[in-house]
Ligand code: GCU
């Protein structure tokens with residue numbers, strides 16, 4: 001016991017970069033190797049197959065968890081009569097072959113497995129090799145969590161399609177990726193000489209049951225199809241193959257006219273025989289290199305992408321072009337439902353609505369898609385917002401296979417700089433009942449093919465891992481990737497118990513670690529919704545620039561269609577049939593009736609469906625505007641607790657992951673205040689209605705930078721105005737690089753936290769120092785762009801606004817506080833305000 005405890009302690013002390021994700025196989029204190037079988041028998045022994053990978057994984061896992069090595073034996077070199085105590089892994093068919101008879105086990109489906117730990121031997125049997133691998137990962141997950149109980153059960157996935165999408169560009173950048181460059185691509189080609197991260201990604205994906213991956217951006221570049229790239233894609237497919245992850249490609253619809261080597265056509269009309277031949281030829285060529293390619297993903301006629309509508313062909317005709325080319329090879333065509341006109345939507349027309357687009361574009365097409373085609377539908381009708389109703393297209397397409405599209409990468413949800421645990425959001429959508437034909441029609445039963453009896457169906461998640469050691473940019477965000485796989489395997493799973501499994505696997509067994517991460521994660525989506533955009537108004541971020549910080553104004557007055565229609569008196573999209581855009585009528589009658597009326601619409605979707613006065617009372621009794629104020633304060637108050645909660649884990653989590661996470665949670669606490677203040681000030685300004693609790697616009701502990709004594713600093717009017725306290729910041733003067741801002745503190749002598757709000761721009765690393773009576777109490781550099789990974793900003797705005805806090809500063813009345821800022825590059829050491837906070841106060 002003592003040596004195991006020692007080992008555990010050593011495990012903690014070792015630096016953990018996060019690169020192992022949840023597959024750490026850390027020593028488990030209660031693991032006793034004498035309870036283990038004596039060897040591993042790998043039945044399907046082909047060296048690059050999933051069963052072989054599973055045997056190796058079992059060997060490595062056991063070595064880590066038990067500090068004990070097991071041999072892997074192959075039937076050819078082993079006396080089968082001697083299987084007294086083994087971990088037997090293989091397909092059911094191979095088991096029957098080897099042992100002369102099928103095991104008596106429950107019905108398995110594709111990718112399903114049977115796990116039996118009740119005897120002296122452990123049986124891990126898959127319907128196919130992939131299923132056996134999933135069973136091995138499940139067994140290892142039990143052991144790694146210290147669960148040595150006897151189990152015997154079968155598990156089958158809820159749907160055949162459990163894919164991830166990577167929005168990787170061929171130049172190595174990743175659209176909406178926040179963890180560094182691509183693990184697949186660089187400089188226009190596949191990184192064939194450094195695919196180790198691909199192997200590791202394959203293991204992570206297999207361990208959560210993911211069986212397919214699209215390896216390039218949906219805004220696709222035709223050059224993915226050059227012979228050199230096809231060869232590279234083959235290498236990626238070879239690397240993923242042992243993990244049962246099949247590779248697919250995102251296509252550019254106009255590729256035939258992109259001057260690739262396959263003959264440059266002047267058209268990409270999907271019904272033109274030359275175009276049909278062109279795609280068949282390219283598809284055959286790819287399958288010659290990747291015989292098990294999963295298929296294609298196509299984004300067409302959306303956000304500037306080419307598509308069949310250019311030739312007056314339907315979306316189904318466009319999709320079937322590829323489906324037909326894939327059909328002889330057994331490939332699947334996934335066609336995105338994310339189709340809308342981002343050029344002509346006109347907000348001045350009351351009845352126009354981007355939310356209507358998907359059902360409108362697919363009207364008349366149900367049943368027109370080829371059997372191997374699947375329509376991939378974002379969970380909500382707009383775009384991965386913090387709160388949306390489930391897309392009505394799930395109910396509209398009844399004779400077409402569908403998959404739900406989720407986002408693990410937190411494009412609109414804090415870009416991995418804010419902790420937001422997403423499975424609770426996904427579960428609300430998956431559990432939603434569409435009441436199609438007045439019959440129970442849960443979204444999860446639709447996307448698993450059960451409700452409308454569809455053969456193909458499932459899930460896709462945009463993940464966007466990068467080369468960062470943490471995969472997603474933040475250690476805690478990995479719970480979202482883990483949760484995605486688990487929910488796709490079984491959408492009835494409980495998000496909190498998934499999270500608890502992930503915590504044990506990722507951070508070990510300390511009960512405080514468990515309760516802290518669980519508390520923070522489970523409160524994080526509600527908190528984020530509260531401080532970014534509540535009542536169904538959507539994430540009030542900057543939709544014209546990066547989707548990170550606040551900018552409510554940017555939602556309106558442009559054709560992107562994420563409108564709020566806010567004016568001085570009222571706010572919200574009227575999506576009723578009776579008086580609005582008619583969107584609510586896209587749902588089956590029972591659901592439509594709920595959303596059509598304000599009285600039956602849930603508060604959290606009120607402004608999604610209705611345009612109301614700020615003074616309209618909610619079901620809670622609060623008015624809309626007071627709820628805005630209260631929610632934003634409540635949400636950011638929750639975020640304030642995260643760094644404190646996390647600090648209790650010092651010494652219980654290894655230093656590297658502890659420090660990196662503390663840094664992010666501290667950033668989030670500060671940025672949640674930027675959100676809170678921006679949104680509440682914006683609507684306070686617009687409505688002229690005061691906060692009954694007198695918080696909005698009232699900041700007794702702040703000293704505005706522009707009101708300090710400035711040397712070589714000057715006031716700067718920030719846009720959008722609400723992203724600066726009192727609308728104004730200061731920047732160093734054009735003719736100087738170093739400026740100072742000082743003030744005499746008129747506070748009671750005592751201990752304070754001193755918070756400084758500043759702006760951290762991309763393109764410079766300004767340096768700051770904070771001094772009290774000329775004695776430095778802190779210094780920092782404006783280098784968040786190197787550390788955080790969110791899309792950087794070159795302006796003073798809601799993306800670049802940040803806060804740094806110096807704790808427990810002893811201050812006497814009359815002390816002089818001085819900040820010195822040294823500009824660098826385009827970053828003029830911008831400052832917004834300083835808060836001198838009695839302990840426990842947030843302002
Ligand atoms: C969002 C996102 C884009 C992406 C698009 C899509 O609009 O901001 O970057 O290309 O969705 O899903 O296709």
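Glycine is no exception: its Cβ is also placed from the backbone N, Cα and C atoms.
So that you can see what the record holds, here are the features copied from TrEMBL:
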type: ACT_SITE; residues: 303; note: active site, proton donor
type: ACT_SITE; residues: 383; note: active site, proton acceptor
type: ACT_SITE; residues: 411; note: active site, proton acceptor
type: DOMAIN; residues: 21-139; note: domain 'Alpha glucuronidase N-terminal'
type: DOMAIN; residues: 146-471; note: domain 'Glycosyl hydrolase family 67 catalytic'
type: DOMAIN; residues: 473-695; note: domain 'Glycosyl hydrolase family 67 C-terminal'
type: SIGNAL; residues: 1-15; note: signal peptide
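Of all the active-site residues given, namely 303, 383, the one with the smallest number of surrounding CB atoms inside 10 A is 303. For the domain 'Alpha glucuronidase N-terminal' (21-139), the number of residues in each DSSP class (helix H, G, I; strand E, B; coil) is 45 helix, 22 strand, 52 coil. Note: the Cα of residue 411 (active site, proton acceptor) and the Cα of residue 383 (active site, proton acceptor) are spaced 10 Å from each other. Rounded to the nearest whole angstrom, the C-alpha distance between residue 303 (active site, proton donor) and residue 383 (active site, proton acceptor) is 12. Residue 411 (active site, proton acceptor) has a Cβ environment of 25 other Cβ atoms inside 10 Å.
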